[in-house]
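Novice: Next up is a structure, given as C-alpha cells.
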Amino acid sequence: MCRRAGPGWMSVSGVLNTHFIVAYMLRQHGTDEQQQRFLPRMATGECRGAFSMSEPELGSDVAAIRTRARRDPGGDYLIDGQKMWLTNGASSTLVAVLVRTDEGAAKPHRNLTAFLIEKPTGFGEVAPGLMIPGKIDKLGYKGIDTTELIFDGYRAPADDILGRVPGQGFFQMMDGIEVGRVNVAARACGVAIRAFELAVRYAQQRHTFGKPIAEHQAIAFQLAEMATKVEAAHLMMVNAARLKDSGERNDVAAGMAKYLASEYCSEVTQQSFRIHGGYGYSTAYEIERLMRDAPFLLIGEGTSEIQKSIISKRLLDEYRM
C-alpha cells in the first residue's frame, strides 16, 4: 500500500506508515484488552496512530532517552520530557511513546517502557500535562504534520503500558521499527518509480539536435541505470516484507532494503531532475516536489549509517573467525 501511495503523494504513505507501526505493535505485544480497545477503531480510521521515540538531543541513540515516567503512590505514572519529529502528531489520537522508567538497570535499554497515550487531535495543551506546540516547518514532506510532544507531569495509568509489561519498550519499539523500515523502503520505491516515469516521459518529449533527448546515449544510459536501481530496490523491499510476514528474523533484510531503496531513490530523483534540465527547477513540474521529499527517506526510521551499522554487526557475528 505504501509503495502504491508513494508515486502519487509520499505524505499519504507516511500517514499509513506510522499508523501501521502502532497497529503492528499492538497486535504483537498488546494485551487482549488493549487489542480489543484499539485495533477495531484503528481499522476503521476512528483511531489514528503515531509513533514517538526521537528527542531534541537524540535520534538513533534510543538507549539514551531522557523522557521519564515516575510512578506515584497511587500506581499511575507521571511523564516529563520532550519528544521530537512526531509524524501525525496533531492528527493522531493514539501515540506509542518510549520513555525511561526504572533507574539503575545494568543496560540502559532495559529500563525503557512503551506507553499508549490517547489524546484528542489539534495543537496546544491537548490534555493536562500534554502539549503539541505546532507544526515543524520542513523542506519537503509537507502534506503531513510533524510536531514536538511535550510532557509536563502528564498522568498515565499503568494500564496504558503496552502489554502491561514495564521495561520491554525497547524491544517492542524495535519490532515496530522493522515494519517502519520496510515501509520506508516501499515509499522510496514509489517515489523513485514516479521520478523515473517523469524522466522517461520528458526525455521522449524534449527534443535537441533534431531528435528526442531519450535517443541521445547519455540520456538513454541514465534511464537504464534508473530502471535498474528501481527494480533492485523493489526486489529487496519485497524480500524484507516477506520475511517479516512469515515471522522470520528480518532486521538485516529490513536494514538493507531501507538503506538501498532510500539511497537509490535519492539518486534516481536527482537523475530525473537533471534530465528535466531548467524545467526541473520550476515549481510547475512535479519533479521538484520529489526532489524535496526524497531526502527524508535517507533519515526516517534510521539513517543510512545506522542501517550499515546494523548490517555490519550481524555480518561480523555470522562470519566471525
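Glycine is no exception: its Cβ is also placed from the backbone N, Cα and C atoms.
Annotations per TrEMBL:
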type	residues	note
DOMAIN	5-46	domain 'Acyl-CoA dehydrogenase/oxidase N-terminal'
DOMAIN	50-152	domain 'Acyl-CoA oxidase/dehydrogenase middle'
DOMAIN	167-316	domain 'Acyl-CoA dehydrogenase/oxidase C-terminal'
Novice: Using Cβ atoms and a strict cutoff of less than 8 Å, what residues sit near the domain 'Acyl-CoA dehydrogenase/oxidase N-terminal' (5-46) while being 6 or more residues removed from its termini?
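Specialist: For the domain 'Acyl-CoA dehydrogenase/oxidase N-terminal' (5-46), the far contacts come to 87-88, 91-96, 114, 116, 141-144, 159, 162-164, 168, 172-173, 175-177, 179-180, 183-184, 186-191, 193-194, 197, 290, 293, 296.
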Novice: Along the domain 'Acyl-CoA dehydrogenase/oxidase C-terminal' (167-316), what average pLDDT does this model show?
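Specialist: 95, rounded to a whole number.
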